[in-house]
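A.B. asks: I'd like to ask some things about the structure below.
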Amino acid sequence: MVKICCIGAGYVGGPTMAVIAYKCPNIEVVVVDISVPRISAWNSDRLPIYEPGLDDVVKHCRGKNLFFSTDVEKHVFEADIVFVSVNTPTKTSGLGAGKAADLTYWESAARMIADVSKSDKIVVEKSTVPVKTAEAIEKILTHNSKGINYQILSNPEFLAEGTAIQDLFNPDRVLIGGRETPEGYKSVKALKDVYSHWVSEDRILTTNLWSAELSKLAANAFLAQRISSVNAMSALCEATGADVSQVAYAVGTDSRIGPKFLNASVGFGGSCFQKDILNLVYICECNGLPEVAEYWKQVIKINDYQKSRFVNRMVSSMFNTIANKKVSILGFAFKKDTGDTRETPAIDVCQGLLGDKAQLSIYDPQVMEDQIQRDLSMNKFDWDHPLHLQPMSPTTKKKVHCVWDTYEATKDAHAVCILTEWDEFKKLDFQRIYDNMQKPAYVFDGRNVVDANKLREIGFIVYSIGKPLDAWLNDIPVVA
Ligand code: UDX
Ligand code: ADP
């Protein structure tokens with residue numbers, strides 16, 4: 001029986017390994033993590049991450065060929081294939097601060113593998129890492145090898161949160177990069193054999209190591225670029241009276257462009273897009289390509305612009321002051337169907353509103369209050385350090401209330417601000433919400449989920465991203 005061990009039981013390691021175990025009953029999969037609460041949660045009825053379909057997959061295999069453990073060394077020692085899916089934060093100090101990847105967790109995982117191994121191993125990069133990380137890891141392993149043969153593969157994961165199980169069951173492609181040597185080809189084949197249990201041959205792409213590593217950064221940069229492109233258009237639409245949904249539809253029907261990832265929004269979030277683009281920028285700069293670096297940097301600048309434009313629009317519409325006004329925030333996760341808040345645009349929007357002294361009442365169906373409070377008091381990039389729990393600022397806490405119900409969140413509020421496209425927000429009783437709000441009552445829809453015309457009939461002043469503005473808003477200049 002082939003034994004797989006995955007280091008890191010997070011959003012990538014957990015679901016990916018659960019699906020491998022589900023699809024390959026002849027393989028034993030153990031997911032290990034240094035975090036005791038995380039592993040306990042994976043072994044409980046309440047999994048540490050919310051992901052549609054994940055519970056069923058885990059329940060089906062847990063205890064049979066899928067195990068979760070904190071005994072990292074034992075399971076690495078026993079494994080034939082070791083996946084590494086640990087955090088790769090952005091550096092917050094020193095060389096490359098704010099851009100380069102901090103490989104502390106990766107390096108410590110590699111050194112531990114070298115310490116405990118007594119048999120040959122295939123080591124697979126699963127976390128997104130900068131190009132040429134595999135080479136560095138290979139050096140750590142071979143210089144400490146004690147005669148053991150290590151083969152390094154890059155197998156980036158393309159799943160998106162909220163649809164992870166679907167994406168893993170039916171991937172557009174599986175990408176495996178390896179060394180172009182006989183041993184390299186052999187280990188690529190071994191990993192290919194795992195995926196071949198359920199993915200057809202033509203969807204398993206094999207490349208050299210660097211191409212696989214760069215492809216992941218490039219794919220995320222291209223996806224994020226589409227969102228920044230449509231968001232840039234949304235600002236122009238608002239200024240000119242065009243409707244960004246109509247423009248995006250017209251653009252997306254060109255088969256060369258395609259319809260996906262053209263939804264204008266308050267901005268993209270998530271653990272990958274910003275981090276991976278910053279990495280790409282850093283790699284370009286290090287390779288003497290400042291123009292290319294500048295090009296990709298712009299994708300992030302537009303994303304930041306979109307978030308601050310949204311806050312400015314809110315403040316200026318409400319007579320330029322929101323001090324002590326109750327603003328109801330609906331949705332805090334970075335997208336629907338996940339409880340993940342990493343780099344969610346809600347953090348910047350809420351911080352912007354708190355900066356103008358608003359009182360926030362926040363509701364998200366999947367995000368817990370302590371997570372929200374922590375997010376709002378954390379420094380940039382600190383979210384990706386598992387051992388680093390920031391103390392909460394007491395002043396933030398006083399201004400932010402989290403509730404478990406939309407109608408409570410919106411009661412007596414001056415404005416409703418939608419920051420995640422949860423399906424339940426499409427079905428709200430807006431007449432009831434309006435009746436219980438202060439007047440004039442505003443809705444700022446950062447995800448274009450509400451029917452603005454219906455809400456205007458009720459009496460709301462509505463702002464939707466990239467749509468023709470209410471006369472009320474049109475008269476107010478916004479400084480971005
Ligand atoms: C992304 C990639 O899609 C995935 O392939 C990679 O493995 C990890 O990064 P993820 O961050 O989970 O996945 O979610 P994704 O669906 O890509 O959304 C990212 C952000 O972009 C979200 O905040 C989402 O709301 C936003 N978005 C997405 C838009 O604003 N408009 C769109 O049209 C699509
Ligand atoms: P991703 O979204 O890429 O899966 P996460 O932050 O959700 O990232 O998960 C990474 C996991 O890796 C965390 O649960 C963290 O505790 C774990 N981790 C980090 N370093 C190590 C290590 N050296 N050994 C075991 N687990 C680790």
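Cβ coordinates are placed from backbone N, Cα and C, and glycine is handled just like the others.
Note: TrEMBL annotation is automatic and uncurated.
The annotation active site, nucleophile is assigned in TrEMBL to Cys272. Summarising the annotation, TrEMBL assigns NAD(+) binding site to 8-13, Asp33, Arg38, 86-90, 127-128, Glu161, 272-275, Arg342. Per TrEMBL, the feature domain 'UDP-glucose/GDP-mannose dehydrogenase C-terminal' maps to 328-452.
Structural setting of the listed features?
C.D. replies: When secondary structure is read from DSSP and collapsed to three states, Cys272 (active site, nucleophile) falls in the coil class. Here the Cβ of Cys272 (active site, nucleophile) has 24 other Cβ atoms within 10 Å, regardless of which shown protein chain they belong to.
Sequence-distant contacts (6 or more apart, same chain, Cβ under 8 Å) of Tyr11 (NAD(+) binding site) comprise Ile49, Glu51, Glu161, Ala164, Ser271, Asp340. Secondary structure at Tyr11 (NAD(+) binding site), taken from DSSP and collapsed to helix, strand or coil, is coil.
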A.B. asks: For Gly8 (NAD(+) binding site), list the number of other Cβ atoms lying within 10 Å of its Cβ atom.
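C.D. replies: Here the count is 27.
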A.B. asks: Among Tyr11, Thr90, Glu161, which binding-site residues lie by ligand 1, judged by Cβ under 6 Å to any atom?
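C.D. replies: Checked binding-site residues vs ligand 1; flagged Glu161.
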A.B. asks: Cα-Cα, whole number of Å: Asp33 (NAD(+) binding site) versus Cys272 (active site, nucleophile)?
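C.D. replies: Between the alpha carbons of Asp33 (NAD(+) binding site) and Cys272 (active site, nucleophile) there are 20 Å.
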A.B. asks: What are the DSSP helix/strand/coil residue counts across the domain 'UDP-glucose/GDP-mannose dehydrogenase C-terminal' (328-452)?
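C.D. replies: Here the numbers are 45 helix, 19 strand, 61 coil.
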A.B. asks: At the level of the C-alpha atoms, what whole-angstrom distance separates Thr90 (NAD(+) binding site) and Cys272 (active site, nucleophile)?
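C.D. replies: Given the Cα positions, Thr90 (NAD(+) binding site) is 11 Å from Cys272 (active site, nucleophile).
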A.B. asks: Have a look at the binding-site residues (Asn87, Thr90) and report the one with the fewest Cβ neighbours inside 10 Å.
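C.D. replies: Least crowded of the binding-site residues Asn87, Thr90, by Cβ count within 10 Å, is Asn87.
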